[in-house]
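S.K.: Copying in the features that Swiss-Prot gives for the protein in this structure:
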| type | residues | note |
| --- | --- | --- |
| ACT_SITE | Asp428 | active site, 4-aspartylphosphate intermediate |
| BINDING | Asp428, Thr430, Asp777 | Mg(2+) binding site |
| BINDING | Thr430, Asp520, Lys579, Arg623, Arg752, Lys758, Asn780 | ATP binding site |
| BINDING | Asp875, Asp963 | Ca(2+) 2 binding site |
| TOPO_DOM | 110-114 | topological domain 'Lumenal' |
| TOPO_DOM | 365-380 | topological domain 'Lumenal' |
| TOPO_DOM | 859-911 | topological domain 'Lumenal' |
| TOPO_DOM | 969-989 | topological domain 'Lumenal' |
| TRANSMEM | 91-109 | transmembrane segment |
| TRANSMEM | 115-131 | transmembrane segment |
| TRANSMEM | 344-364 | transmembrane segment |
| TRANSMEM | 381-401 | transmembrane segment |
| TRANSMEM | 838-858 | transmembrane segment |
| TRANSMEM | 912-932 | transmembrane segment |
| TRANSMEM | 946-968 | transmembrane segment |
| TRANSMEM | 990-1010 | transmembrane segment |
Amino acid sequence: MSRSATPALPLHNAQASRPSSRAPVTGVRSPSTSTSTYSLLGPEETAERLQTSLLHGLTPAEAEIRLLRDGPNELPHEEPEPLWLRFLKQFKETLILLLLASAAISFFMGNYDDAVSITLAVTIVVTVGFVQEYRSEKSLEALNRLVPHHAHLIRDVPPSSAPLMNNSTTAALGPDIELEDLASKSPSSASAAIKASSTVLASELVAGDLVLFTTGDRIPADIRITAATDLTIDESNLTGENEPVAKYPEALRSTKAAVSHSPKIVSPPRSPFYDAPASGAVGADIRLNEQHNIAFMGTLVRSGYGQGIVIGTGAKTEFGSISVSLQEIESPRTPLQLSMDRLGQELSYISFGVIALIVVIGLVQGRKLLEMFTIGVSLAVAAIPEGLPIIVTVTLALGVLRMAKRGAIMRRLPSVETLGSVNVVCSDKTGTLTLNHMAVTKMWHFDCPEPFEVHNDISSLTSGPAARTVLRIGNIANNARLSRVSANSPASASSAAVLSSTVDRASGAVKSRWVGQPTDVAILDLLDTFGEDDLRDRISRRVAETPFSSERKWMGVIIGSAQNDAPSFTGANNVAYIKGALEQVLTRCDTYLTKDGREVILDEPRRHTVRQAAEHMASEGLRVLAFASGAVRDTAGGGRVFGSRTSTPLSITSQGDEDDRYTGLVFAGLVGMNDPPRKDVHKSIRRLMAGGVRVIMITGDAESTAVAIAKKLGMPVRDSPGSRPVLTGQDLDRMSTADLAQAISTTSIFARTSPEHKMKIVRALQSRGDVVAMTGDGVNDAPALKKADIGIAMGKLGTDVAKEAADMILTDDDFSTILRAIEQGKGIFYNIQNFITFQLSTSVAALSLVLLSTLLGFKNPLNAMQILWINILMDGPPAQSLGVEPVDPTIMNRPPRSRTARVLTRPLIQRVLTSAFMIMLGTLAIYVYEMGDADDLSTPGKRSRVVTAHDTTMTFTCFVLFDMFNALTCRSESKSVLRGELPLFGNKMFNYAVLGSLFGQACVIYVPFFQRIFQTEPLNAAHLLKLLCVSSTVFWVDEGRKYLNAVKRRRAVGVGYSVNV
């Protein structure tokens, strides 16, 4: 799967050619497709045509009817071939056809037993290969279902039925989505829309659904936009245009209308789809880049909010019209699969050479041509590991499915290989290393000697004007809202203290009756704790807002005066409320509020006092927020106008205008919040460090806060001359990539950073040769996630843009899941090495046994059917079970694997040759001994060299038992079964595979029907005991190797502990 591919929704990245020299045509032509048609209709006309509502959408019953009628919202795909046809295609392999030709020749020459035996054996081999390929395809299909895409929508559901929806396929809308004023400026209608919003699988969308989308979302279907706020959409995967396109709800009525709303792009990039009409004949439709009121399926929202009506799903979308060309593009194979292909090819050449030598020697010795031909082809089938690439794919896919059950969804198979090479993990602090539930623990304002505990000093918090002002600002400059359950049954302020911020002991998750940004929720939880009511519904309307961003590091709102009903932010009595990072707030304040409520000039000594109080809280690992308020200065700029307290702005102002309005404020105080570390994160960090993986924490918090939290997590924070354990965003701005690459070797914390700094950190680490994993959740994190070797997006809080760029998604947003994923990545690679060892040692042993027997002039010890049976064991369940061996818990003590490391290492080749030699030597010894177990009647005292069915049965069974013991030794390269390091029955699939193989072998030698096919005869208990003693030698020899290696490792480290700890 390619880097740009997505499991559930393939995106087409058109290759942009050189820019066009002419301006885009914006005139409206005669429409012939749904998007073209609806782009000319207004929102009301669109709703009327699709028989839906602009406020409430469809009813669930109507949506169900349309889903049954139109089918799921999925891109068209080719129907798979019937299983019987795919099974017959397995017979197209050259070696299989040669074996069938051998069977046909035997039949015509009267050797009916051989003909039937070869045909049956070939059928068994083909069946095993077919089952393997089928499992591989099903495993890959399961991967595509790991990342289901969702859509936020409004459906007309009565309040009594809402809980039923939540228990089925819907859930409460995420806290980061603002809906008010998108469809109506009425606060009541917006509130109703919020309560009715739901999250459903994108595949369940139908035409007429009312869909909501915001920054970072992927558009789930073709949508006619009915309301938008600062909405821009990235359509590069559809049109090739690199710049996000501004979107508007107005209909394209004429050429003039189209021009007036088009983005200011003089010469957009060209692509096969950019100038193409919407799924119609050239020149007949409105081009895709002109449809500024259509959001196309698969495109990504870069900024703003939007609402619209679904007009096309599945094959009826613009993506659906080009999906046929996508189906013809095969996903590239992973590097490991390509290396297995090359290995198989090289081994094929060697095998053909050895087989040709065997056939030539046999013919020179006067053996029958048909016999040597059949043996040669059978050896080719057994010796050439044609199943190796398939088993690699199955192992990777099954490993990914196991990782998904543990909370890590790998979106691309090559990423599994890279996981074992990761030696640096860059992690966000909030939500990944911590619980992402802030709780206010301390507060400070002037005239306080030091920050006080809010829960221990309730009188200070509720009696003083300064403390009450801090709470008031935190309440007003706040976008958190009641959760759907709390909104439908609101609690009083007195009872909210009991309901707010409870802990679910079963899951460890912290619950609140509020939803929104963690800092906003923490402040409202504090209000609940002290029984204070939410004031936002009782004060004047919010007339403007400056939203928080990682670059700005503060947010502010402007509340209109009671006398000013018009939504203007220039009223004489408007008041600004601001909260954010200390330095950003402090620079906007001229005065401060004393404990008794007086305003005093904020001079430099008092600013220093504020900074000391903030540093005191930050040193305890608290996140510090500053609060201020004051009258709005009269400016001439524009503003963001709102209809209610949590509305989304309808227009935007310049950065300068925003700064001018939030100046000359009164500083109120500080609040310290605590986001506790996740459970066992400190253990995960220690285990990663023990395995040679550095952990770097990236946070927007202050330096002292970051250091305090890092120490709690057990991260190395050592400040020594010439090195700095912490770098800030300002330090990064001043450093070049080369300087950062040099300094980063001693740095484990980056504080006061923005998403843009992540890209610089990744480049610096990669320039040193590090393999980097980077976490992120926002739109601005996407470039760094894509640049990193392993981009890790958050499953709960991450945007669709971040998930699109990532290689791995954490469904629980937990750092410990990264450790489990790296463990699995390492384990999968070593498991692949183990079954390669098993397959190659079996293949080499079979070839060398037949070659040596031929050179010594013996009759072939194994007939064609027996060789094909060995091939089934080599490529079948025993080999596959080695690929799913449980991961060794001590695997993290091994250093990360080099990206250029070969699969076939020197120790692996030595294991292959040792095991193959033991198998060949022991099997040949049994064969020679059994040939001489009877007297030669013509020469008294001389042993007979006549090969009987008993001789070949003993040889055949000896080889199979050798194979089983060899598979047992290949379960681990270093762990011993005898010393109890490797549980004998720890791999259930391996147990079943061995039992099945032994049962099959018993059938071959004891069931009369199979005796005739494989030319065997029954063995007694004494024979089996002798074979067990001989065949177990490969196990004892490998156990001895493991013991000697363990002794060497203990001597190397002195006391038996890993040198990395």
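Numbering starts at 1 and runs along the chain as displayed.
Just so you know, glycine gets a Cβ as well, placed from its N, Cα and C.
Mind mapping these onto the model and telling me what they sit next to?
M.R.: According to DSSP, Asp428 (active site, 4-aspartylphosphate intermediate) sits within a strand segment.
Other C-beta atoms found within 10 angstroms of the C-beta of Asp520 (ATP binding site) number 23, with every protein chain shown included.
Asp963 (Ca(2+) 2 binding site) has a Cβ environment of 27 other Cβ atoms inside 10 Å.
If you average pLDDT over the topological domain 'Lumenal' (365-380) in this model, you get 77.
Within the chain, the topological domain 'Lumenal' (969-989) has long-range Cβ neighbours (under 8 A, six or more residues past its boundaries) at 830, 833-835, 837-838, 841, 877, 880-882, 884-886, 888, 907-908, 911, 915, 1034-1035, 1038-1039, 1042-1043, 1045-1046.
Within the chain carrying the transmembrane segment (344-364), a Cβ under 8 angstroms from the stretch's Cβ atoms is held by residues 371-373, 375-376, 379-380, 383-386, 388-389, 840, 843, 847, 850-851, 854-855, all 6 or more beyond its ends.
Residues 347, 351, 354-355, 357-358, 361-362, 365, 375, 379, 382-385, 387-388, 391, 867, 870, 873-875, 878-879, 882, 911-913, 915-917, 919-920, 923-924, 927-928, 931, 945, 947, 959, 962-963, 966-967, 970 of the same chain lie 6 or more positions beyond the ends of the transmembrane segment (838-858) yet place their CB under 8 Å from a CB of it.
Within its own chain, the transmembrane segment (990-1010) has Cβ neighbours under 8 Å at 869, 873, 876-878, 880-882, 885, 953, 957, 960, 963-964, 967-968, 971, 1016-1019, counting only residues six or more beyond its boundaries.
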S.K.: So around the Mg(2+) site, Asp428, Thr430, Asp777 aside, which residues have their CB within 8 A of the centroid of those CB atoms?
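M.R.: So the additional residues around the site are Lys429, Gly431, Thr432, Asn436, Thr775, Gly776, Gly778, Met794, Leu797.
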S.K.: What does DSSP call Lys579 (ATP binding site) in the simple three-state scheme?
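M.R.: DSSP call for Lys579 (ATP binding site): strand.
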S.K.: Which state, by DSSP, holds Arg623 (ATP binding site): helix, strand or coil?
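M.R.: The three-state answer is strand.
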S.K.: If one looks at the chain holding Lys758 (ATP binding site), which residues at least 6 apart in sequence have a CB under 8 angstroms from its CB?
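M.R.: Set apart from Lys758 (ATP binding site) by at least 6 residues yet with Cβ under 8 Å, we have Cys426, Ile698, Met774, Gly776, Asp781, Ala784.
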S.K.: Which residues of the chain, 6 or more past the ends of the transmembrane segment (912-932), have a CB below 8 A from one of its CBs?
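M.R.: That would be 837, 840-842, 844-845, 848-849, 852-853, 858, 861, 943-947, 950-951, 954-955, 958-959, 962-963, 966, 969-970, 1026-1027, 1030-1031, 1033-1034, 1037-1038, 1041.
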S.K.: Work out how many Å separate Lys579 (ATP binding site) and Asp777 (Mg(2+) binding site) at their Cα atoms, rounded off.
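M.R.: Distance between the two Cα atoms comes out at 23 Å.
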S.K.: Using a 10 Å cut-off between Cα atoms, which of these binding-site residues sit near Asp428 (active site, 4-aspartylphosphate intermediate): Asp520, Arg623, Arg752, Asp777, Asn780, Asp963?
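M.R.: Passing the 10 Å Cα cut: Asp777.
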S.K.: Could you count the residues of the topological domain 'Lumenal' (365-380) that DSSP puts in helix, in strand and in coil?
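M.R.: Per-class counts: 12 helix, 0 strand, 4 coil.
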S.K.: May I ask for the distance between Asp777 (Mg(2+) binding site) and Asp963 (Ca(2+) 2 binding site), taken between their Cα atoms and rounded to an integer number of Å?
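M.R.: It is 49 Å, counting Cα to Cα.
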S.K.: Using a Cβ cut-off of under 8 Å, list the residues of the same chain at least 6 residues beyond the transmembrane segment (115-131) that approach it.
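M.R.: Same-chain residues near the transmembrane segment (115-131) but 6 or more away: 86-87, 90-91, 96, 99-100, 102-104, 106-107, 374, 381, 386-387, 390, 864-865, 868-869, 871-872, 875-876, 1012-1015.
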